[in-house]
Amino acid sequence: MDVSPQFFFLMLCFQLGRTSLPLVINTWPFKSATAAAWDALQSSGLVLDAVEKGCARCEIEQCDGTVGFGGSPDETGETTLDALIMNGNTMEVGAVADLRRIKNAIGVARAVMERTEHTMLVGESASVFAENMGFVAEDLTTNKSLNVFTQWLKGNCQPNYRKNVNPDPLKSCGPYGPVAMQTQCNGVRHVNIHSHDTIGLIAIDKDGHMAAGTSTNGLTHKVPGRVGDSPIIGAGAYADSSAGAAAATGDGDIMMRFLPSYLAVELMRNGADPSVACKSAISRIKRHYSDFFGAIICANTTGHYGAACNKAPSLTEFHFMVQNSESDSPVLKSVTCF
Ligand SMILES: *[C@@H]1O[C@H](CO)[C@@H](O)[C@H](O)[C@H]1NC(C)=O
Ligand SMILES: *[C@@H]1O[C@H](CO)[C@@H](O)[C@H](O)[C@H]1NC(C)=O
């Protein structure tokens, strides 16, 4: 075969560019999630399996108490779950929000994608759908979440996310009614590293097929019905195998207003380095909310990755996990917030 030097050089570049694939990357030091995703990728070769198994691992292990059952009780003491999964090849998405009584939220999200023509199901109806699909309904409350709830009630329901209501949410457990805007004290936002550690996970196979997903139990003491950024496509996560993938974590009420995952992927589509794309997505939010709590991970089509976080009182350094062909186990990485 007559191979020109130019062709040989091109092939070499192609190979070099791909040496770090496959790749699994996820938010926070949730190492067993990375390992579960990597194992799934090795055994089935499917990035959707990797994302589902990785997030499910955190749901089972109740990662940091902020993923899965028994964490983040809402104002009524109930734990509700949000999850999202996206196929970066077909652009199919499945999501659930305000899911009740079902532990495996990422599994239900995948069922929404694969067993309906829809993209997102919410609340009680999502639970009914899940039960019909064979997921077991059980109480998500644990002694731990019950205790968090009881302490909150004893402490006059502080912190509290209500505002412009009567009685004063800084002093009372309600029930609340509306008052004229700004005549009443507002509740104090207490979103920090301990109250919102969503797992966001990206998987890319050796051929560059991408998927991304998230799973969380949301914000502790949230108003019932509150849905954060995690199950919102383009906010919690986004994947497009022709451009890149990203997943975000942090103060979802703020972050979802900026679709940071979508923004980062679009920047990578235009050639931005993954770290730069991640930083730009954070900067966009920072312009309006300078001390918001949040971070994002980004990966491009060649398996290069980066992360960025906003420097906040409760976050100066963000940790995430990576496994690729250069490592035989999950590696802890960190980035300094700016
Ligand atoms: C939860 O609390 C109940 C009542 O205090 C106790 O009987 C039970 O053993 C506890 N469960 C766990 C798993 O600790
Ligand atoms: C991915 O990012 C790396 C690091 O910036 C860059 O060298 C590479 O060319 C990027 N890949 C693509 C396909 O843009």
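Glycine residues also receive a Cβ, built from the backbone N, Cα and C atoms like all the rest.
Feature annotation from TrEMBL assigns signal peptide to 1-19.
The feature active site, nucleophile is assigned by TrEMBL to THR198. Other Cβ atoms within 10 Å of the Cβ of THR198 (active site, nucleophile), summed over all protein chains shown, number 34.
Of all Cβ atoms in the protein chains displayed, 18 besides its own lie within 10 Å of the Cβ of ARG226 (substrate binding site). The annotation substrate binding site is assigned in TrEMBL to ARG226, VAL227, GLY228, ASP229, THR249, GLY250, ASP251, GLY252.
Using a 10 Å radius centred on the Cβ of GLY252 (substrate binding site) and all shown protein chains, the other Cβ atoms total 29.
Spanning the residues ARG226, VAL227, GLY228, ASP229, THR249, GLY250, ASP251, GLY252 that the record associates with binding substrate, the maximal Cα-Cα distance equals 16 Å. Cα-Cα distance from VAL227 (substrate binding site) to THR198 (active site, nucleophile): 13 Å (rounded to the nearest whole number).
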